[in-house]
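Trainee: Quick one: the structure is below, and I'll ask about it shortly.
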Amino acid sequence: MAHYLMHGTLHATVYEVDKLHSGGISGFFGKILANVEGTIGIGKGVTQLYATIDLERARVGRTRIIKDEPNNPKWYESFHIYCAHMASNVVFTVKDDNPIGATLIGRAYVPVEELIRGDQVDRWVEILDEDKNPIEGDSKIHVKLQFFDVKKDSNWNMGIKGARYLGVPYTFYSQRRGCRVSLYQDAHVPDGFIPKIPLAGGKYYEPHRCWEDVFDAITNARHLIYITGWSVYTEITLIRDSRRPKPGGDVTLGELLKQKASEGVKVLMLVWDDRTSVGLLKKDGLMATHDEETANYFQNTDVHCVLCPRNPDDGGSFVQGLQISTMFTHHQKIVVVDGEMPSGESQMRRIVSFVGGIDLCDGRYDTPFHSLFRTLDTAHHDDFHQPNFAGSSITKGGPREPWHDIHSRLEGPVAWDVLFNFEQRWRQQGGKDVLVNLRELDNIIIPPSPVMFPDDHETWNVQLFRSIDGGAAFGFPETPEEAARAGLVSGKDNIIDRSIQDAYINAIRRAKNFIYIENQYFLGSSFDWSSDDIKREDINALHLIPKELSLKIVSKIERGERFTVYVVVPMWPEGVPESASVQAILDWQRRTMEMMYKDIIQALRAKDREEDPRNYLTFFCLGNREVKKSGEYEPSERPEDDSDYIRAQEARRFMIYVHTKMMIVDDEYIIVGSANINQRSMDGARDSEIAMGAYQPYHLTINQPARGQIHGFRMALWYEHLGMLDDTFLEPENIECVQKVNRVAGKYWDLYASELLEHDLPGHLLRYPIGVSSEGDVTELPGTEFFPDTKARVLGAKSDYLPPILTT
């Protein structure tokens, strides 16, 4: 049957099944299940029917469970489904849930051919068995479907069209106007680092300093300090730049929070309870979160610190529940405080929030210099972080692992949305109700209100997005209808906020010229990976972001227009690079890149163009290499012989860890948050995440390129990574720009990987060390099977024992 590209939005309604014969599960499997239920005391012999929606084999929707309606289950549920899939059928599967999985009742098929032109299909469809024969009793399912092609969407390729843009639709939080946003590159930027970057209106870009601002915000709070983190470490200090000291700046984070709590400020912390500490990953050098130490530190103090496991929503099976609580994390990184009014004159207070990728823990403090060896006796002497080598320590010396990250401060109405997110999470998992009652403080803390006038050219519109479910957030609606109205997705008995993925999809679809991504991971859209040695349906990394990116590039090639996507990822995901988990993730990353390059090459060939696909999609990593200087820290011990550690120390090089979770579109729109480009972060029912999407309505790419704060921020990042500014960087979509960036990054990679080192690396942006064949296969760069100083394959390796759910 012919496959069609369904790129757009599918509206689907699942009504009911007319009649199911006999009900229940008969035969051999039913007997086994009855024994299991009897033995472990879960479940009873009632039917628990639900339906799923698939585009071929990619699951895109599921209804709630209807209990004890064996003959005529009625769901009446509607779905708004983003799709970017090749499919011949929309498949509806009816299943009976049970404690260890589910039993297939049958499947109904609606050909995509009938939908692709946009016609509405509303009908009863026959339910068939595995052999495509009608099931006993000739049952039918009533469904309604309508497909909306992306190219007919008024926002497709249009960017943000000024005041008419209302934000990402179908989301829990709506767009807020009159906000202020501060963007942070790294935890700290030293004075004089950023050169003059011109902005609109004769202004120049001014960098902000994340940990200084967090320190000030906590220090100046009077009523509340709310913190969530994947990890929070009490022993770090936030102020470390000797040229920018602050009163009390040498105090540790733990002491600062205890001090504020003793002054009567309500200090509440939700820190992920690393319950198994994910045993399979632990030995690969991952996950040292200090959760127990942090909880013990605050015991018997005025600080309320709750270790918060990633509990499943109640709807999953017994097996799924085990998966969620042992495999997934709370990943949001937020600080919410009350702050003084912008003028500083009034006694009134307002809410200020921080959202992004930087946890308040060890290993995170860094500057755009990202030194490997030169801060080991100063800023990093008591904060030496190097989890990629077994047995690494400050006594054995560098290289430490430098940390590149991005964060934001939000002021105005959106700051309250971050506060409400914290309150929802605290009420669900925080235990005691000790939240500040803001109604009682309404004469002190102003209600959500703009902090910028509508005609101020520096105003921002901001929208908050999440990946979270009812297991982690209190007060989600109970029914699918209410959930849909609140911009939530209903699952198989859980309610999910998946708006971060929606925000990325919408931003990519709107994009006109270029996209710049920095992310700790880059894998997904597994429904379209090549299936030579895997069963695609077992992977389930189904989020759409990589596919949306390649389809955007393809659409531009078809129209004869320039478009470039730049992606910066770490050399490898943090951990011992030879380990099974790191190698598995690199393998998924390779498959993702390959899928995208094949799309691009196919589109170029259709236009009879033989061109380097890296002119359209190009991947980078960050690294540093430093010559030895006199007066440097001298370690008292030495790493093991023939280890990655000693080789990296002698070669004086290491990757800069890209922990960022950011996307910039056309210099007019930015997403910053905690969510990685992988299934864990984008799913909604796996890791909990938070992100913001923002733009300045006076700085849009309508008649000329945008030259507001987002443009300045990107140029500052490119200066950090490339060690230079260039006029070609002003228009990243142009062939001159992408070729220059690729050329410079290629040169820097050669210097990084070379035997000898005469000078410091002039910049940090390195070509990601892969090649792309004429067919789109991702190959080794000649002579680069392994990352320098390691025995770790650049292209990764499939793991035979780690389940994909853990590494995707």
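Glycine is no exception: its Cβ is also placed from the backbone N, Cα and C atoms.
Because the structure is a prediction, the values reported are computed rather than measured.
Swiss-Prot lists 1-125 with the feature domain 'C2', giving sequence analysis as the kind of evidence. Summarising the annotation, Swiss-Prot assigns Ca(2+) binding site to ASP186, HIS370, HIS404, GLU720. Feature annotation from Swiss-Prot assigns domain 'PLD phosphodiesterase 1' to 326-364. Look at Swiss-Prot and you will find HIS331, LYS333, ASP338, HIS659, LYS661, ASP666 tagged as active site. According to Swiss-Prot, the feature 1,2-diacyl-sn-glycero-3-phosphate binding site maps to HIS331, GLN520, HIS659. Residues or ranges marked as domain 'PLD phosphodiesterase 2' by Swiss-Prot: 654-681.
Tell me about the surroundings of these features in the structure.
Mentor: Close to HIS404 (Ca(2+) binding site) in the fold, though at least 6 residues off in sequence, lie GLN185, ASP186, ASP366, HIS370, GLU518, LEU622, ILE656, TYR657, VAL658, HIS659, THR660, each with a CB less than 8 Å from its CB.
Long-range neighbours of the domain 'PLD phosphodiesterase 1' (326-364) within the same chain, counting only residues 6 or more positions beyond its ends whose Cβ lies under 8 Å from a Cβ of the stretch, are 184, 187, 210, 213-214, 217-218, 220-233, 235-236, 238, 253, 270-272, 274-276, 278, 289-290, 308, 310, 383, 385, 387, 401, 403, 405-411, 414-416, 418-419, 421-422, 425, 441, 444-446, 448, 451, 464, 466, 472, 520, 659-662, 672-675, 680-681, 686-692, 805-806.
The Cβ of HIS331 (active site) lies under 8 Å from the Cβ of TRP230, TRP272, SER674, ALA675, SER681, ASP687, SER688, GLU689, each of which sits 6+ residues away along the same chain.
LYS333 (active site) falls within neither a helix nor a strand when secondary structure is assigned with DSSP, and so counts as coil. Here LYS333 (active site) comes close to THR228, GLY229, TRP230, VAL355, GLY356, GLY357, ILE358, ASP359, LEU360, HIS407, SER674, ILE690: these same-chain residues lie at least six apart in sequence, with C-beta atoms under 8 angstroms from its C-beta.
A C-beta separation below 8 Å, combined with a sequence spacing of at least six in one chain, links ASP338 (active site) to ALA221, ARG222, HIS223, LEU224, ARG349, ARG350, ILE351, VAL352, ILE445.
With a threshold of 8 Å between CB atoms, the same-chain residues lying at least 6 positions outside the domain 'PLD phosphodiesterase 2' (654-681) that come near it are 159-160, 183, 230, 328-329, 331-333, 355-358, 370, 372, 398-408, 465, 467, 500, 503-504, 507-508, 510-524, 540-543, 545-546, 568-572, 574, 621-624, 648, 687, 689-696, 699-701, 705-708, 710-711, 713-714, 764, 787, 808.
When secondary structure is read from DSSP and collapsed to three states, HIS659 (1,2-diacyl-sn-glycero-3-phosphate binding site) falls in the coil class.
According to its DSSP assignment, ASP666 (active site) is coil.
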Trainee: By Cβ count within 10 Å, point out the most packed of the recorded positions listed: HIS370, HIS659, LYS661.
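Mentor: The largest 10 Å Cβ neighbour count belongs to LYS661.
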Trainee: Report the residues of the chain - excluding ASP186, HIS370, HIS404, GLU720 - with C-beta within 8 Å of the mean position of the site's C-beta atoms, for the recorded Ca(2+) site, in sequence order.
Mentor: GLN185, ASP366, THR367, PRO368, PHE369, PRO402, TRP403, ASP405, LEU622, ILE656, HIS721, HIS764
Trainee: Note the Cβ centroid of HIS331, GLN520, HIS659, the recorded 1,2-diacyl-sn-glycero-3-phosphate site, then list each other residue of that chain whose Cβ lies within 8 Å of it, in sequence.
Mentor: TRP230, GLY357, TYR521, THR660, LYS661, SER674, ASN676
Trainee: How does the domain 'PLD phosphodiesterase 1' (326-364) divide up by DSSP, counting helix, then strand, then coil residues?
Mentor: 2 helix, 16 strand, 21 coil
Trainee: Around ASP666 (active site), how many other C-beta atoms are within 10 angstroms of its C-beta?
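Mentor: The answer is 24 other Cβ atoms.
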Trainee: I need the most crowded of these binding-site residues: ASP186, GLU720. Count other C-beta atoms within 10 angstroms of each C-beta and give me the top one.
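Mentor: Checking each of ASP186, GLU720, the winner is ASP186.
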Trainee: Around GLN520 (1,2-diacyl-sn-glycero-3-phosphate binding site), which of the listed recorded positions (LYS661, ASP666, GLU720) come within 10 Å, judging by Cα atoms?
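Mentor: Of LYS661, ASP666, GLU720, within range: LYS661.
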